[in-house]
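Annotated oxalate binding site per TrEMBL: 107, 112, 117, in sequence order. TrEMBL lists 110, 112, 117, 156 with the feature Mn(2+) binding site. Residues or ranges marked as disulfide bond in TrEMBL: 35-50. According to TrEMBL, the domain 'Cupin type-1' annotation covers 62-210. Taken from TrEMBL, the feature signal peptide applies to 1-26.
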């Protein structure tokens with residue numbers, strides 16, 4: 001386990017990277033000092049309407065401070081720190097997340113449609129990779145203190161193939177990067193993707209399609 005002091009140095013590094021990324025943010029530029037998100041406003045727009053008043057709590061979040069339980073099917077959990085949890089991020093074009101992995105834990109293949117991502121390993125070791133639009137896998141084993149980058153919109157993943165827990169901090173150049181899990185999107189959509197589409201795309205039987213759907217239901 002990494003020492004607390006080193007952990008916080010790592011987090012500060014990622015925060016600096018995230019701040020710098022604002023200059024090439026995927027989100028629209030801000031037009032005022034702050035525009036704290038009014039999450040209860042019924043007006044729909046690209047982002048959120050600004051609250052009339054705000055305070056320090058709108059700009060802070062303690063949710064990344066401690067590891068989260070990984071006792072689930074995939075053996076991993078992602079804790080986001082985006083505009084829905086930090087309203088002060090509205091119009092700032094940055095957000096973060098914490099990723100915790102049990103040994104063997106997988107952050108399943110997914111995409112972030114609105115952001116590129118930088119991943120900083122807090123402790124442990126992860127195999128990380130993304131797939132290009134020409135079906136090339138770009139992957140690397142990253143260890144404590146190392147960084148791996150995932151381009152916006154490309155399918156990517158991380159897996160802990162080690163025997164000890166692992167954790168990482170991710171920085172995004174969007175206040176709300178979004179996330180689409182590939183398997184869940186295809187096999188657990190509402191309304192469902194037709195079995196004929198999935199059967200032909202994956203070259204599997206209708207029975208196999210139903211079996212996968214039942215596992216993801």
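Along the chain as shown, residues are numbered 1 onward.
Here the Cβ of each residue, glycine as well, is placed from N, Cα and C on the backbone.
Note: TrEMBL annotation is automatic and uncurated.
Here the binding-site residues are 110, 112, 156; the one with the fewest Cβ atoms within 10 Å of its Cβ is 110.
Considering only the recorded positions 35, 50, 156, the residue whose Cα is spatially closest to the Cα of residue 112 (oxalate binding site) is 156. Ranking the disulfide-bonded residues 35, 50 by other CB atoms within 10 A of the CB puts 50 at the bottom. Within its own chain, residue 117 (oxalate binding site) has 149, 150, 156, 170, 171, 172, 177 as residues 6 or more apart in sequence whose C-beta sits under 8 angstroms from its own. Per-residue pLDDT, averaged across the domain 'Cupin type-1' (62-210), gives 97. The two recorded residues, residue 110 (Mn(2+) binding site) and residue 35 (disulfide bond), show a Cα separation of 30 Å.
There are 24 other CB atoms within 10 A of the CB of residue 107 (oxalate binding site), with all protein chains counted. Using DSSP to sort the residues of the domain 'Cupin type-1' (62-210) gives these counts of helix, strand and coil: 22 helix, 58 strand, 69 coil. When the alpha carbons of residue 50 (disulfide bond) and residue 107 (oxalate binding site) are compared, the span between them is 34 angstrom.
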